[in-house]
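K.L.:
Sequence annotations record features per position, and here TrEMBL assigns Mg(2+) binding site to A:GLU42, A:HIS531. Under the heading Ni(2+) binding site, TrEMBL lists A:CYS61, A:CYS64, A:CYS525. According to TrEMBL, the Fe cation binding site annotation covers A:CYS64, A:CYS528.
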Amino acid sequence: MGQIITIDPVTRIEGHLRIEVEVENGIVKDAWSSGQMFRGIEIILQGRDPRDAPLFVQRSCGVCTYVHYLSSVEAIEDAVGIKIPDNARIIRNLLHGAQFQHDHIVHFYHLHALDWVDVVNALKADPKATATLADNVSNAPWGGASYFKRVQERVKSFVDSGQLGPFANAYWGHPAYKLSPEADLMAVSHYIEALRVQARAAKLHAIFGAKNPHLQSLVAGGVTCAADLKPDRVAEFKYLWKETQEFVKNVYIPDVLAVASFYKDWGAIGGTSNYLAYGDFPQTGEGSSSDLMPGGTIFRRKLSDVKKMDEDKITEHVARSWYEGKKDLHPYKGVTEPNYTDYDREDRYSWIKAPRYDGKSMEVGPLSRVLVAYGKGDPGVKKLVDDTLAHLSVPADVLFSTLGRTAARALETVFIGNAMETWLNELVGNLTKGDDSTYTPWEMPDKGMGRGLNDVPRGALGHWIEIDKGKIKNYQYVVPSTWNLGPRDAKGQIGPVEEALIGTPIADPKRPVEVLRTVHSFDPCIACAIHVIDPNSNEVYKVKAL
Amino acid sequence: MQNEKEKNRQEFYERLEEKGISRRDFVKFCTFLTATMGLSATYVGQVVDVFAAPAQRPPVIWLHFAECTGCSEAALRTMYPWIDEVLLDIISMEYHETIMAAAGHQAEDNLHAAMSKYKDKYLCVVEGSIPTKFDGAYGKVAGRTFLEIGREVTKHAMATICMGSCATYGGPQAAKPNPGGYKGVSAALGIKTINIPGCPPNPINLIGTIVNYLLMGKLPALDSNGRPLFAYANTIHDKCPRRSHFENGEFVTEFGSEEAKMGFCLYEMGCKGPETYNNCPIVKFNDGTSWPIEAGHPCIGCSEPDFWDEMSPFFETL
């Protein structure tokens, strides 16, 4: 056996994740992904008023704060059989679009960039040369030698203070960092600017959603912000949308391209084989058939053969997770009996279950969505992807990689961001016509079953609810990070992140920045991936004395 | 000394202006923060100084236990001072899993180095609750349980601040039947904490607490639930802009209705404002953009003890 490297905690993610890799001759030979926390929201929901479920499950994640709220509300609407007003569909699309604008910016700059950008190296930069570089690659509204000199001084005084705060003790100076000092300085300055941009972008959520994180304006039947459908709110939304889009187009995209040009070798590292997208952003009241981002599946990277997604083929495996049994079940029939048996790479090693589609492990997320849309020939996505490939002078097969995943995230931010203007205009059109309806009244049924399937920043998200006597009988959700970060299944098939890590070159096993690059490219969000607990089987826990 | 202070202040204003924030806006914010903290206007100058020329950057160790990271995200939304000012100029964030560059054992090293370098002098901020069943085995970082980490880090903290309702009261994972035995930090560890509940809390209430400490060298006055009185002395209902509709008997009884469009009182939709202590109607969220009642949704009582059980069903009248 090669050398085992453990990264715990994996930082710059949401939640508690442990990654282990086996390295032999400087290459990752095997990998294990493990969720390290367990909360229990699904069991807590049993017996409660179904209308409360969206508020509970929203607390699965404060990063992708909107998404569980949305899927839960849609699951209830599906169970009850109601159609929401057009304005409610539009406002939900706008809020969901805003989630993408915010989330992807934060991911690139604050959770991922430091895997590619050496903050300390930025101190060696010539600010004049940085200004020239920035003028060539970026359309940022700020810049110039004096600006970059001040950023550099600010970082220097920070480093000199001896209190390095969030930048302390990282992999600075690692040979895997390839940017010039000037490119590093440009990226560090955009890291700082993006801290402010994200706070402004989050206001998009507050306008029709009360606040961010944890919006509070969705209910089964529609939205509650009836009094906010007025010109000043719409104008504020449009202004902030425009400001955010300008950052995405003038800074985020150019930065991704600039960084990628130094790391083209990562177009052959970190890929997986199978891709799943549920699709999202209904453009009409007809539901998923009108989705802006289409659903579909791709197997063995065959882009020319995008298949229709069939939700009946979704199951969750538990054979290598800390749960009783080895059965794989559809979420409607989901059973969860925890059985913690200590961490064992050869047996059970994670609180995360292993979702499979038609028995296969599938990557979900921006890359899957972009590949499905590209494979289906969507002209908007195709142009964005082809232009990017041409800009970097690389062929389409580099998309199946860590670099492709990071680029796809940026490209869909533009694509979805562009669509937001259309939706905003539709909303204004409806209001101008005098249609200000936001809610369809409904009665709680005695019995019902429904699901909400969405494609959210991190990938395919599904919530399944069963209502009995007006209360929640069963509630299950299968989330993007369960798909991506899940462990092996009964057949020994590895999960997507595990697959992506195999083959990665490791320069220094004590400083495995290369592992973080691929893990972070999935934007792990772990708290919601490990949310189930069964109080009936507590006695089977074995807690090893530490 | 005075000149030094004035010089720092001038430099600070110059930096702000480069960022497109006028001196006037900044002082306006400080006035707002001073008022939020319940201090008289004579303190405005001193609050300005806290941001312009901090005498020191107090070390902060931020722990993530059973949570959703919404409280960290809320803190990242602070706009005056901007979050980059908080992180680079005001405090020294020694350990924070969501933003720190280091990972794995290098991250662990940061935690231990900070605890030893700043023994008894760091602020510990906790986000998330602690599972107590099975010796805490439901949650681990680097192979150690939240329970062990919490005991160790809070022991030599100058103060422990619970950021959010999970750290304060246990959060949704502590709702019935609370299968993991989740508890708030104070209850799980048996220590006194300063509590800033809310799901998530308003970042201004955290900033206000830290500014109070930087300004006066002590933490703010607290209510019986450990909540700073400057933020949690009044109910939502006391300060609600829809209060006159309540007095006039003008209620929303269905979402999307004419009454909803007119912004009538949400009491009959299940609003928990009358029993919830927080300053949401005054400070609102995201730079004063909105808050739940403004968006037509009843208050769910998220800053009250055990609100997931005590305040639900959320859409039933109190």
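We count from 1, first residue shown onward.
Note that Cβ sites are derived from N, Cα and C of the backbone, with glycine treated the same way.
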K.L.:
Would you please pick out, from the binding-site residues A:CYS61, A:CYS525, A:CYS528, the one with the fewest other Cβ atoms within 10 Å of its Cβ?
P.N.:
A:CYS528
K.L.:
How many whole Å apart are the CA atoms of A:CYS61 (Ni(2+) binding site) and A:GLU42 (Mg(2+) binding site)?
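P.N.:
So the alpha carbons of A:CYS61 (Ni(2+) binding site) and A:GLU42 (Mg(2+) binding site) sit roughly 14 Å from each other.
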K.L.:
Which of these binding-site residues is closest to A:GLU42 (Mg(2+) binding site) if you go by CA atoms: A:CYS64, A:CYS525, A:CYS528?
P.N.:
A:CYS528
K.L.:
Long-range same-chain neighbours of A:CYS64 (Ni(2+) binding site), Cβ under 8 Å, sequence gap at least 6?
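P.N.:
A:CYS64 (Ni(2+) binding site) has long-range Cβ partners A:GLU14, A:GLN99, A:ASP103, A:VAL456, A:PRO457, A:ARG458, A:CYS525, A:CYS528.
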K.L.:
Including all protein chains displayed, how many Cβ atoms other than that of A:GLU42 (Mg(2+) binding site) lie within 10 Å of its Cβ?
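P.N.:
The Cβ of A:GLU42 (Mg(2+) binding site) has 23 Cβ neighbours within 10 Å.
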